[in-house]
Amino acid sequence: MRTAFLPCAAAALFLLGRATASGDAGQEPVLQVRIINFNFETVRVTWSPSRYSGTNLTFVYKLSSDEASRPCCNYIVHESYTAGCLLEARKDEILCFSLGNGTDILFQKCEWISAYLKPSSPEDLSFRWHEDAVTVTCSDLPYKRLLYEIQYKSVFDTEWLSKEGETCNVTMQGLDSEKCYFFRARVKTLESSYGSDTYPSDWSKVTHQQRGELRDSCQEKKLFPKFILICGMIALLTVSLLLLSLWKVRRLHKCLMPSVPDPKLTFPGLFELHRGNFQEWIKDTQNVSHVAKTEATEQECVPEETLVVQLQKAEDEMPIVTTGPLCPPTEGEEASRDASPVACQPPQGGEVVSLGGFTFVMTDNSYMLL
């Protein structure tokens, strides 16, 4: 591809350009020039002036097929100043150009334009599916020594996977036709043939394939909310099961190990008065309970109703007499029961109390229990 020889004038200009571009060792270059050959159709030369910012530089060039040099007819303008030039190319040729500021030559260079090649992007990709593999084909470019790179990934992959071939006929293995895949392609040059200053082509338009059919999209954005929803439901279910397990464990703990009540509330005085001695406490409690029970029995056995019943019964059995416990009958009265009753005289020296047909004499030293 580089079999042509430079003419004497071109060689001299090339060497001069190398010296002018590099300058003295350790010094900053006057201009930073970048050359890109777009598929042997257009060559773009751009420059970034470091010392001549704000200056319109002139660009003069000559291709090996041209008879004479000519100025640039299609400048690239940046902020109202020239920043590059677009040239037409028909094949791999030697480009010699110079940049100047008026009559001063600032930069000169001669180079094969293939050294700065940037191929065009592949177009019209076609796919052939067979079981777990797919073959991607496209139209080859008219020049050789190229690499065709095919990248692919599924909706579950985070990075692209690559496969290369010297022709645009590349087969990828281990694919699942049920999944939706993204495909894209580009072209690179072989460094052994074109050098290290070339550029890979732009990526082709991404194509979506599923079950051997072309898709408009792989619905990648819709899978993400669905994944979040599933994860949220799993997290909610896990928290619910955890709470239920804690509740079950608490109930089981209560069944196996019931809570023991505080004996201070059940046995008052056991620890305060008897220091936990249950025998002393039970004795003291029994004594208190016996006394309390006796007092309660005495309070409950109020003979009011019994007295009334006894009195009623006594009235029914005994004849109506004026005798009572304090007025016993005399011997004469016992001898003659048919005689008229004699009234009983109450004893002297006390207060007379009548209750239910009975007469009592109360002194200062007597009491009555009802």
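Just so it is clear, glycine is given a Cβ too, placed from its N, Cα and C backbone atoms.
Taken from TrEMBL, the feature domain 'Cytokine receptor-like factor 2-like D1' covers 37-87.
On the 0 to 100 pLDDT scale, the domain 'Cytokine receptor-like factor 2-like D2' (119-212) averages 91 in this prediction. Summarising the annotation, TrEMBL assigns domain 'Cytokine receptor-like factor 2-like D2' to 119-212.
The signal peptide feature in TrEMBL is assigned to 1-21.
Outside the transmembrane segment (227-247) by six or more residues, the chain places nothing with a CB less than 8 A from a CB of the stretch. The annotation transmembrane segment is assigned in TrEMBL to 227-247.
Mapped onto DSSP helix, strand and coil, the domain 'Cytokine receptor-like factor 2-like D1' (37-87) counts 0 helix, 29 strand, 22 coil.
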